[in-house]
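Feature annotations, courtesy of Swiss-Prot:
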- 7: N-linked glycosylation site (CARBOHYD)
- 23: N-linked glycosylation site (CARBOHYD)
- 29-150: domain 'Bulb-type lectin' (DOMAIN)
- 35: N-linked glycosylation site (CARBOHYD)
- 60: N-linked glycosylation site (CARBOHYD)
- 110: N-linked glycosylation site (CARBOHYD)
- 123: N-linked glycosylation site (CARBOHYD)
- 304: N-linked glycosylation site (CARBOHYD)
- 351: N-linked glycosylation site (CARBOHYD)
- 380: N-linked glycosylation site (CARBOHYD)
- 441: N-linked glycosylation site (CARBOHYD)
- 531, 532, 533, 534, 535, 536, 537, 538, 539, 553: ATP binding site (BINDING)
- 559: phosphoserine (MOD_RES)
- 654: phosphoserine (MOD_RES)
- 667: phosphoserine (MOD_RES)
- 728: phosphoserine (MOD_RES)
- 830: phosphoserine (MOD_RES)
């Protein structure tokens with residue numbers, strides 16, 4: 001009897017538990033039916049435990065919402081909100097399936113505040129949270145029959161697998177609307193979506209006003225984002241459904257190259273689109289790209305009929321009118337207000353009584369983001385496209401765009417941007433008088449210009465002949481220049497340098513050597529005198545008759561280090577005098593030959609000793625300490641103490657040369673930039689440097705400053721102390737030497753980073769302090785990095801208290817394959833000052 005009672009009690013308990021579970025979610029199921037209710041503390045979890053649905057409260061708020069977020073990611077990252085316009089005021093709300101089969105949210109009074117508001121075939125429905133983050137309401141008997149899904153009702157986040165519908169024929173689109181603020185999920189004033197009335201392109205609106213657009217889709221990329229061709233692994237994986245649905249609808253979707261990655265696009269409350277990837281190693285979101293990211297990406301930044309060019313400084317004029325146009329308000333343009341745009345100098349002649357030969361014509365602009373509001377006509381032939389535009393007097397321009405076809409513009413040409421790489425050619429309609437005049441006078445003008453051209457050509461040939469004759473005579477006299485002449489600082493500067501660098505700068509007192517004298521010193525560039533080779537050309541050892549050894553950098557005709565870098569090095573290094581900077585002895589400029597002559601460094605470069613196990617023993621701790629200090633003093637001289645404020649931009653182990661006494665000398669100033677002393681940073685489109693040494697703001701945004709050199713110096717410190725290359729950690733859990741340093745630091749094991757060759761030295765404290773300083777120098781944010789004056793003080797003052805470094809994130813991003821870089825040379829141990837790697841950010 002007692003046993004029977006115990007069994008009865010157990011059965012009763014199970015029945016009660018079952019009844020409770022019919023009213024609340026007692027498991028981590030990914031679905032629920034009419035018999036279940038999601039209340040406070042309950043949640044749905046996707047099958048792979050990637051996403052979670054439940055109740056949440058935003059930061060700095062007391063209101064409650066139902067949303068979807070990434071499970072096990074902190075801080076909580078919400079990707080969808082149901083009741084964003086009608087929050088719950090307390091914790092008494094519930095999510096359930098109503099009697100009509102709709103998914104609803106009710107408050108404590110059982111009033112519906114949000115509903116899917118569809119008409120299911122029956123009320124036998126089920127809500128399922130898929131591993132893509134999509135919440136679906138479907139038939140419980142046939143789960144292939146979907147009635148509603150969150151992916152079709154997005155808030156501010158676009159996830160891989162989401163299909164964004166647009167119907168150009170009906171002018172319908174699906175917009176992503178950001179939160180009003182980080183604590184208020186209600187709809188903000190911005191929106192992002194596919195343009196429903198024009199070309200298939202992404203647009204960000206501020207109310208009804210456009211803020212940014214991507215340019216039309218050409219079946220591979222959005223034409224206004226040419227970088228999509230170079231960021232294929234993670235950043236872009238867009239696809240367009242083809243053919244359209246019966247009603248004309250098409251769908252954009254995004255497919256990640258690695259389905260295990262968490263990627264998300266979202267639009268911030270301030271109207272900026274961003275893309276992130278979750279870094280599992282450091283458990284942080286890596287920012288991959290954002291739009292608009294430059295001045296010229298802002299919508300119609302320069303006004304109508306004007307082109308914006310980010311490679312130019314804004315103060316000096318990023319904006320320029322198209323040929324044949326002029327500023328509407330010249331006084332505003334003089335004050336750098338370009339919003340008024342440009343207007344035609346001469347009206348078009350279409351449909352007017354014309355003088356023969358005065359018909360309108362076209363001028364071409366290349367590398368352009370095509371204007372907004374273009375129309376696509378079904379022609380794929382350039383001449384046919386031109387004829388279509390020429391016959392239409394309202395046509396302002398045309399372009400034949402690969403993947404789209406013939407596009408014409410009948411409205412004002414707006415939102416044009418020039419790209420360094422990529423872009424399209426657009427043909428602008430101009431009055432015939434702006435294209436060279438009428439046919440009646442064309443023969444006369446051809447004759448006149450031909451005569452003038454022939455005269456000028458003959459004059460140029462004569463001047464060039466006289467110049468080369470004088471130059472050869474000069475160089476012949478200089479064949480016997482000796483190194484002792486150089487040491488005595490005799491002035492051998494002459495016209496070739498003036499021709500090279502121009503009269504606008506002070507010409508350095510730099511000796512010029514003839515090609516024959518350099519060839520003689522290097523044994524006609526003998527193979528046995530070759531010291532090394534890189535993307536720039538070849539380096540040779542040379543000996544003058546007095547016995548003085550030199551190193552000769554002979555630039556090849558195909559050198560990536562072109563005339564500008566050659567000029568840069570002559571102008572900079574010839575003016576700099578410091579014991580920790582390499583000394584330039586002279587140059588050779590003859591015909592197509594460009595050569596630089598340096599003092600010879602018998603121990604060559606730091607990387608040969610640092611990363612070669614057979615030579616590491618030559619660098620004991622005392623010598624490494626002196627090398628670190630010498631480099632720091634050389635950098636401080638460049639940044640603060642020289643006549644010029646110079647940012648090196650390519651500081652690395654292979655550009656640190658070692659003399660006979662192993663004293664370090666910074667070399668290779670081909671990529672350096674001069675700042676004035678009130679300037680703290682600059683921008684560039686052409687990002688140059690070396691993989692593993694580039695600061696995040698420089699690699700990602702083209703912004704560089706003395707803090708960029710500080711970052712490179714920090715990497716160099718860590719390499720010197722550890723004896724390991726920064727890039728040797730690529731593909732590991734740490735991502736880079738910086739990540740490895742942080743890993744050991746956070747676990748209190750910094751000592752393990754010290755090179756075993758010097759680990760047993762009595763100066764371990766000194767080595768650990770260097771690691772600490774290196775980590776401070778490689779912090780992600782510019783404002784957190786010390787300047788070189790502070791760095792030198794930290795190194796030399798062993799008693800001062802150092803601030804703790806911040807956890808790095810950028811190092812892992814660079815090493816994850818998210819950024820693709822062009823390598824113009826191989827990363828090998830260099831010789832003397834000559835091997836360098838130029839990297840262009842892609």
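Just so it is clear, glycine is given a Cβ too, placed from its N, Cα and C backbone atoms.
Nearest Cα neighbour of residue 537 (ATP binding site) among the listed recorded positions (60, 304, 654): 654. The two recorded residues, residue 728 (phosphoserine) and residue 380 (N-linked glycosylation site), show a Cα separation of 50 Å. Across the structure, residue 35 (N-linked glycosylation site) and residue 123 (N-linked glycosylation site) are spaced 12 Å apart at their Cα atoms.
Per DSSP, the domain 'Bulb-type lectin' (29-150) is made up of 1 helix, 53 strand, 68 coil. Listed recorded positions: 110, 123, 304, 533, 728. The one with the lowest count of other Cβ atoms within 10 Å of its Cβ is 110.
Between the CA atoms of residue 380 (N-linked glycosylation site) and residue 533 (ATP binding site) there is a gap of 47 Å. Taking every protein chain shown into account, 60, 654 are the recorded positions, and of these the Cβ with the most other Cβ atoms within 10 Å belongs to 654. Note on the binding-site residues 531, 539: the fewest other CB atoms within 10 A surround the CB of 531. Secondary structure at residue 654 (phosphoserine), taken from DSSP and collapsed to helix, strand or coil, is helix.
With a 10 A radius on its CB, residue 35 (N-linked glycosylation site) counts 10 other CB atoms from all the protein chains. For the pair residue 654 (phosphoserine) and residue 533 (ATP binding site), the C-alpha distance works out to 13 angstrom. If you measure from the Cα atom of residue 123 (N-linked glycosylation site) to that of residue 533 (ATP binding site), you get 76 Å. On a Cα basis, residue 667 (phosphoserine) lies 16 Å away from residue 531 (ATP binding site). In the three-state DSSP assignment, the secondary structure recorded for residue 304 (N-linked glycosylation site) is coil.
Across the structure, residue 539 (ATP binding site) and residue 667 (phosphoserine) are spaced 14 Å apart at their Cα atoms.
Cβ neighbour count for residue 667 (phosphoserine): 29 (other Cβ atoms within 10 Å of its Cβ, all protein chains included). In this structure, residue 728 (phosphoserine) is part of a helix by DSSP.
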